[in-house]
Amino acid sequence: MAPSFDHLPDPEEDEYDEEELDISDLRERFEVQLEQGLDTFVVIDGLPEVNEDTKPKLIKFLLRKLDSVGQTKKDSIHMPIGPDGKSFKFAFVEYSSPAEAIAACKALDGVPLDKKHTLRVNKLTDIDRYGREGRIDENYTPPKIEEFTEKEHLRSWLADPAGRGRDQFVMYKDDRVQVFWNNEKDAPESIVDRQHWTESFVQWSPQGTFLTSMHQQGVQLWGGPSWTRQKRFAHPFVNLVDFSPGEKYLTTWSNRPISIGEEGHPALSVDDDGKNYVIWDIETGLPLRSFANLDLPSNSVDAEGNPVKRKIQWPAFKWSSDDKYVARLTQGSSISVYELPRMNLLDKTSIKIDGVMDFDWAPATPHREGVKNYEQLFCYWTPEIGSNPAKVGLMSIPSKEVVRTLNLFSVTDAKLHWQSDASYLCVKVDRHSKSKKSLATSLEIFRVKEKGVPVEVVDSIKDTVINFAWEPKGDRFVIITTAEVVAATAVPPKTSVSFFCPEKVKGNGVGNFKHIRTYDKKNSNAIYWSPKGRFVIVATVHSQQSFDMEFYDMDFEGEKPESDKDLTANLQLMNTADHYGVTDIDWDPTGRFVATSASIWKHTMENGYHLYDFKGEQLREEPVEKFKQWLWRPRPPTLLSKEEQKQIRKNLREYSKVFDQEDADRGASADLAVVEHRRRLLDEWLAWRANIEEDVQAEREDAGLPRDPLEPLKSKMASGDEGQAIEIEEIVEEIVEETEEIIS
């Protein structure tokens, strides 16, 4: 029978009632927030209790706070009074726009009104939305406490399971990220190998606790023996990250401003919309504050006459050594110092410094002579402005005391170089001649820990310094100079490498800095000190023509030249090496090994890595297809006191005997393992051959043939006439002595 409307049920006879359908969960989930007339209202709680007589005074006092974030007036504040003539300790306030109401909630919530009262500010629409009937359960329900699960030890890698104190490194190639134990000459031992672990690059945290992976959605931190995810920071399209020295905080930056849609964001708020930088608390995973990019002043223009945008300075936010402050430079005008973790501006104002070009925190808390309370220290420099000279300054934080200033003249540029212990600050000053056609460099060295911070000038340098590096935890330095104008050319300029150290003085003082030696006619452009000092590599990187590496020892134990008797160094070239297309050179954190690598990010020729010991002897050479990145895993600072470290150095020869024996045993066991493996392979082959021969002999017997195919020939030779044997005689001549005479 064909279907028709006659077969449809009568709506009036339907068994269900629409009013009985419960769709509250759907309404709550898909509720659309419409523009309301109450969006300009806020509710202020936490006010003191007043009566009709004192109410106007409170409103007048409150207006001072309210007007700091928007426009409101006395008539826009409604403070209800109860039947007993006293207020209910809250008030309704109307602003001129919803944006001002939102700003009031952010700026005034939690602000103390006086010693006994703290303001709590919320939007009126939020109270209606979250506080309506049914949203809050009147009956207390105890929170569900999850069962305790022990977390992995994030520094377990420091206890090498092999007991050899090995270091780890991460390698990024193609789309794979691998972490290995370094086994010196032997192949590295793989720990973890994952594909698509990151989308752009990987980065260790400063103390090696976390491995950072970069994604379009944000940043993730990994660690522990099982390499599980420890934290995630949802900053869309993130490009760069920077950790604080103590791994407490993290800065993320994206060239795309943050965009918060109507659906919101899991970690960021509407206030973060349009920002580029976010500073996070690593322990909680929460954002502390966000910032927008600053437009850097440009000194050049393009072909159309428009100013050329300068590249961002990274890191834009620089950390103090104790993780208590982070500062940002507004080039040409000020330095803003923020206190952590609240991220409030120190003393509620930026430090105004006219013309300031750059600044840098001391990498350690300097213990200055004659100062009882040690504070953090940063240095800055300003160029010549009008008739005012250029200036270098040291400022103490949080007191903002200017510890030392130095006036400079004819300055073209300056670079700030802190020594790792903050004992010294070297300001590399490029000065121009009166005609401004030539440049020369001087080094202004601040002795930060000495009383009054004296400054020593090294002005014996005739050429322009293109690279400078302090010895870590030491007082020696290396510079690279050139007489040519450095430009982006395929042929690197000719350079000179110079070494400096203090001269010997009586007592514990440090003498004046003296020149040790200069090596000319080089192509070197990079300096890499061992993290433990003493050894240094001078190399040529990112070059298409030259890729030399020279390994120097600053404390050579051999004979010292007479000219260096009064110096605190004995310089010796230990070894030279070359690595075609080398782009990166990295010391391991113990200063025992050096990895050199050629990354596909720079070129596609012979990508891979080489491994050397500190003396420059090559241990491994590993070509790696689509090689991108190599990074040693950093180590945290030692827990040993200075006395314990001194005791270890004193007994180092005794410890070395044990380590040498372990190395010898390991080498012998490795050789024994190779011999055993080869013997096992030979035995297997001999057994296989015996089985095959047995099978062949059985097949010959079945075919009626002798077991040995050579048996007929052997029988014939045995029955032959022995008289017909042929005797063969061989004569061999041997030269005993050879002389040559010339006959005239």
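From the backbone N, Cα and C atoms, a Cβ is placed for every residue, glycine too.
Taken from Swiss-Prot, the feature region 'Disordered' applies to 1-20, 699-722. According to Swiss-Prot, the feature compositional bias 'Acidic residues' maps to 11-20. Swiss-Prot lists 40-126 with the feature domain 'RRM'. Annotation source Swiss-Prot lists repeat 'WD 1' at 193-232. Annotation comment: Swiss-Prot describes 234-290 as repeat 'WD 2'. According to Swiss-Prot, the repeat 'WD 3' annotation covers 307-348. For 577-622, the entry in Swiss-Prot reads repeat 'WD 4'. For 699-714, the entry in Swiss-Prot reads compositional bias 'Basic and acidic residues'.
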For the repeat 'WD 3' (307-348), sequence-distant contacts whose Cβ falls under 8 Å of one of its Cβ atoms, 6 or more beyond its ends: 240, 242, 244-246, 248-249, 251, 253, 277, 279, 281, 288-289, 291, 293-298, 300-301, 354-365, 376, 378, 380, 397-398, 400, 422
Segment confidence, the domain 'RRM' (40-126), expressed as mean pLDDT: 88
Residue counts (helix, strand, coil, in that order) that DSSP gives for the domain 'RRM' (40-126): 29 helix, 22 strand, 36 coil
